[in-house]
Amino acid sequence: MTDDTEYRCSFCGKEHHQVDDLIAGPDVRICSECVVLSCEIVEDRRNEALAKQDAFIKRKQRSVLEGLPKPAEIYAFLDEYVIGQQKAKRDLSVAVYNHYKRLVSTKSESENEVELSKSNILLIGPTGCGKTYLAQTLARMLRVPFAVADATALTEAGYVGDDVENVLLKLLQDADFDITRAEAGIVCIDEIDKISRKADSPSITRDVSGEGVQQALLKILEGTAASVPLQGGKKHTQYEQASINTRNILFIVAGAFSGIEEIISSRIGRSNMGFGSDLLRKDTDVFDQILPEDLRKFGLIPEFIGRLPIVTAISHLDGEDMIRVLTEPKNALVKQYKRLFSLDGVSLGFDHEALEAIVELALKRKTGARALRSVMESILSPIMFDVPSRGDIESVRITAETVAGGGPHLTMRCARSNYIRSA
C-alpha cells in the first residue's frame with residue numbers, strides 16, 4: 001500500500017491534487033508553488049548580496065579616490081622636478097587624474113551608468129625639453145608601472161623589427177610580470193613623429209615602419225586584449241605569450257614633429273590674412289594652435305589622431321631655462337654632483353658664469369637639456385678622478401675658466417691652491 005506522503009510536497013505539505021505539478025526526487029518532492037517561492041527567495045538573496053557588494057565597492061572606490069592625488073597636487077609634484085612647461089604640466093595633471101579616476105569608476109560600472117572613455121595624450125615639442133621625463137615623473141608619483149618605447153624600432157607584423165606588442169612587454173617587465181599591475185600602467189612611445197607616412201595621401205605600397213605601425217598601434221591605444229611575446233621580438237606560436245588588456249593603460253606618445261610649424265603657420269597665415277605673423281613668434285604659440293588637420297598633413301593617419309584626444313605642447317628651453325634645469329629641480333644635476341663630492345668630504349660650488357658657459361656648450365649640441373649631463377661629465381670627470389685620492393681638498397669651485405679647459409679653484413684644508421687639469 002502506497003504511503004500518502006509520497007504524494008505530498010515535502011516543503012508545504014500540499015497534496016498532489018492541490019497543486020499544478022509535483023516534482024519528485026530521491027525521498028523528496030516539491031510542488032510548483034514552492035519552486036516559484038524558492039526562486040523568489042534565491043533572487044532576493046542574490047540582490048541583497050549584490051547590493052552589499054556594490055556598497056563595498058563604492059566605499060572602496062571613495063577610499064581610492066580620496067588617496068588619488070588631485071590635479072593641483074600632481075602639478076606641484078611635477079613642479080619639483082620639471083622646469084617651466086606650466087601649460088603642459090597642467091594639462092597632464094588633469095588628464096592623468098581623470099584617467100585614474102575613470103579606472104576606479106570602471107570597476108563598479110553598471111549597465112545603466114555612463115561609460116567613461118580613455119583619453120591618451122600626445123606631447124609635441126623639441127628634442128630634450130622633457131617630454132619623456134614628464135611621463136616618467138608622473139609614473140613615479142603614482143607608483144604605477146612605466147615603460148618607454150622607441151617608435152622607430154617598431155614594424156608592422158610579418159616584417160623585420162619588433163611587433164607593437166613589444167611596447168607592452170617592457171611594461172610587464174617593470175610590473176615584475178604582474179599582469180594586473182601592468183594593465184594600470186603608463187606607456188610612453190617616443191619618436192612618434194618618425195612613423196608618419198611618407199605622403200599626405202594613403203600609401204599604395206607597404207610602409208611597414210610608418211603608416212603600417214600606426215595601423216598596428218590603433219587597437220592597443222584604444223583598448224584590446226593583446227598577446228605579448230615574453231621572449232620579445234616577433235610573435236611566434238612556439239614562444240610563451242601573455243594576454244594584456246590595454247583598456248586601462250594610459251598611452252603618452254611624444255615627438256618633436258620638426259617642420260609642423262610651417263604647416264600650422266601656413267594654415268593660420270591663410271585664415272588670418274597676415275595676422276598670423278604676430279601670433280607665431282614662439283614655437284609654443286604655434287604648437288598651441290595645432291589642429292588635427294595639421295597632424296594629418298604631417299603624416300599621421302586620421303584613425304591614429306582620433307585615439308589621441310589630448311594634445312599638449314612642450315616649449316623650447318632657452319639659456320635661462322637651462323640654468324634653472326641645472327640648479328632648481330629636486331634632482332638637479334648641480335645638486336647631484338654636489339652630493340657625489342660630499343660623499344668624499346668635499347664641497348662643490350659653481351660660479352654663475354660657469355653655469356652660463358656650461359649651458360652655452362650644451363645649446364651648441366642641439367639636443368636640449370639632455371646635453372647638460374654629458375657637458376658636466378666632461379668637465380668634472382678629471383676632477384672626480386683625482387679628488388677622492390687626496391685628503392687635503394676641502395672644496396672645489398668650478399669657474400668659467402674651468403669650463404673653458406682650465407683647472408678649478410680648490411680650497412685646501414690648510415692652504416689655498418689651484419688645481420690644473422691635465423691635458
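Each residue's number is its place along the chain shown, starting with 1.
Positions of Cβ are set from backbone N, Cα and C atoms, glycine also.
Here is what Swiss-Prot says about this protein:
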type	residues	note
DOMAIN	1-50	domain 'ClpX-type ZB'
BINDING	CYS9, CYS12, CYS31, CYS34	Zn(2+) binding site
BINDING	PRO126, THR127, GLY128, CYS129, GLY130, LYS131, THR132, TYR133	ATP binding site
Whole-number Å value for how far THR132 (ATP binding site) lies from CYS12 (Zn(2+) binding site) (Cα to Cα): 71
Residues near GLY130 (ATP binding site) in space but at least six apart in sequence (CB under 8 A): VAL82, ILE83, GLN85, ILE314, LEU317, ALA369
Pairwise CA distance, CYS9 (Zn(2+) binding site) versus LYS131 (ATP binding site), rounded so that it is a whole Å: 74
Reported mean pLDDT - the domain 'ClpX-type ZB' (1-50): 84
Alpha-carbon spacing, CYS31 (Zn(2+) binding site) to GLY128 (ATP binding site), which is rounded to whole Å: 78
C-alpha spacing of CYS34 (Zn(2+) binding site) relative to THR132 (ATP binding site), in angstrom: 66
For GLY128 (ATP binding site), the three-state class that DSSP assigns: coil
Near-site residues: ATP, ref PRO126, THR127, GLY128, CYS129, GLY130, LYS131, THR132, TYR133, CB cutoff 8 A to centroid: GLY125, ALA254, ILE314, GLY368, ALA369, ARG370
Distance, THR127 (ATP binding site) to CYS34 (Zn(2+) binding site) (CA atoms, angstrom): 74
Cβ neighbour count (within 10 Å, all chains shown) around THR127 (ATP binding site): 17
Binding-site residues listed as PRO126, GLY128, least Cβ neighbours within 10 Å: PRO126
